[in-house]
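For 18-45, the entry in Swiss-Prot reads region 'Disordered'. Per Swiss-Prot, transmembrane segment is recorded for 58-78, 90-110, 278-298, 408-428, 460-480, 496-516, 572-592, and the stated evidence type is sequence analysis.
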Amino acid sequence: MTVSENSVLETEVLVGGSAMPNERPGAMEPQSLTEMPEGFPRRSTVANGVRSRSSRRFFVVGGALLLSSFAIYEMGAVFSIGGITPLEYLVLLLFAINFCWIALAFCSGIAGFLILLRKPKAKDLEVTELHTRTAILMPTYNESPDRVFSAVSVMAEALSQTGHGHAFDWFILSDTTDPEIALLEEQAFLVLRQETHKHSRVYYRRRRKNVARKAGNVADFCRRWGSRYDHLLVLDADSLMESSTITGLAQRMQADPDAGLIQTIPSLINGTTLMARLQQFAARIYGPVIGTGLGWWVQKEGNFWGHNAIIRTEAFMGAAGLPNLKGKPPFGGHILSHDFVEAALIRRAGWSVVIAYDLPGSYEECPPSIVDLAVRDRRWCQGNLQHSRILPTKGLHWVSRLHLLTGIMAYLSSPFWLLLILTGLMLALQAHFIRPEYFTDQFSLFPTWPIMDSDRALRLFYITMGVLFGPKIFGVLLLLKDGQFARSVGGRIKAIFSVLFEVVLSALIAPIMMFIHCGAVMSILMGRDSGWSPQRRDDGSMPWLTLIYRHRWHMLAGVMLGYAAILDSLTLLAWMSPALIGLWFAVPISAWTGSVKIGEVFKRAGILATPEERSPAAICLQAQDARAAYQAHISKPWTLAQLLKDPALMELHLAMVDKQPLRAAGTPIEPVEAIVHVKVHEAQCQESAMALFNRQEMALVLANPLMLRSLQKLPEQFVAEDLVSFC
């Protein structure tokens, strides 16, 4: 169904009813981290409904510990021949930390590989009528409205055709602070309502103040409307989900009364730059190995990744209210990486948290460039390091603590790897420049030689590389074994070439990301907050001068490390060159990988192709077409001046403004709100008032009916006659 601009503007009432349903308030109290809440954990409804098999943990975690113990012993043996020096002890410690980290991923990969060898199918549930109600939430923050609303449009239409559409309501929960985007969202919502009101219930709400970011956005919905629904299916602004996946999640939740959260493993789609396509390919070829293995061994103690998951409302509201951490950001204040914590709290309360690794049809997008990845990772890094305050929480399952620790290590591993490189380099320089003390103060007939077991060291290097690249190797083996899978990415030969290209390019990018993560950790330790910047999702290109500024320290670090290596020998420089080349050429690598044009060249060549790119799902194609249509519908943004001039348009806008009560008289007032009140009160006309507003103030005015009514009472323009009469 198409909607012309005129038909939208001529509509004087909101098609499909109010922008939001009637509120049904419910409690969602912040949970204590120091005490176990009374009544937790709940008694399971089904016998063993939240019990996991310990044998799977023994295989993966026990295997990782055994493998790590062997590697650490071997590393100690490398140094022990000539006696271990303090610097060698430091190398051994750093090696132990880093190896344990990769060993867990390797053993998870083995489990995933063995499961995927059998080509498991999604668990078939008896198709029954859904008697539960699910709210599908799409939080958005300064995103392109055409992307968000077109995605909801196609998903809602597809879901309505399954016969289960009556069991779902759709909510676009906006935290947008850009006034122009906010008005575009309203235009897009009118189009969406015109398209869907006959078969779906779709709602829209923009918060006046985005307290606690995305977690606060969802919590606000829960406290005001959550009690109307049995489940919450949380999406992200770039999410897509097939109707069969949506209904499958709801049916699984309905069939398992002890399920608190079911997380899907999204596939990456719509990558246009080389960097995005690199991530898509890696996630598609190697990701299922890790994801399947993880879901297999964590069982009922899974994790939440913030979106593309269904949550039982009772479990979420009753157990996952987030407290504010003591102190100021970056370690205090609102919990940024809320998803891991919410999953841990839901499991603590006695509900199961499951990763549905067998359920396809879940999609998301990825950052288009190294710089965009760095911006996102800076925020995630702060949130994950904040989890160090959550680890001691009373009553958490040990697997939940391991999830939190794994998230922390995702970023701390970079400083540890860098320290390992630096200490190894120091060992080499020490052996080259510092004369060894062959005869110590203690009497001995034999000298003390600085000896290492080179054969054992080389063998350990091969083992470490095998563990590090093991999940990639497993993914490639599965690809080569499955002829249909291989054909879906262009055939085995092209797939092998793509894998080799991915390995080389990832190796060049890895040291850049290592230094980016090191910088993020350092800035957090120095007390700097990440803020909340909207994400770029399409073009990752930037001016070269901007990239030089962004990567200046990475290039300098590469030069310094290269100089230190060449002081020892050309051989050491050659060994370090895989890491150094990426740093030396950080700027062109960042520019080329963020280019849509270069990404298109590789797409035409069939390099880094994925099944989702070569044969997109129907929902993905429909979303692309719908987005183009929405771009045309909202090509002429509304303005505040138009709202003030057109009473019908103003009524449409006010119908979409959040109905949350305004500040009561005599209560504290926000500084920005006070400033706006003064500006409106002192303005002589609408034109002069609007000229005084900045973007933050404009967004506040758009969300405040009283201020809008006050502006409406002012004349459009100030004329000279008014001044004469005033005098």
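For all residues, glycine too, the Cβ spot is worked out from N, Cα and C.
Remember, predicted model here, so these are calculated numbers, not experimental data.
Through the fold, the transmembrane segment (572-592) approaches residues 274, 369-371, 421, 425, 428, 507-512, 515, 541-542, 544, 547-548, 550-551, 554-555, 557-559, 561-562, 565-566, 598 of its own chain, all at least 6 residues removed from its boundaries and within a Cβ separation under 8 Å. The highest tally of CB pairs under 8 A with the transmembrane segment (496-516), across 58-78, 90-110, 278-298, 408-428, is held by 278-298. Comparing 58-78, 90-110, 408-428 for CB pairs under 8 angstroms to the transmembrane segment (278-298), the maximum falls on 90-110.
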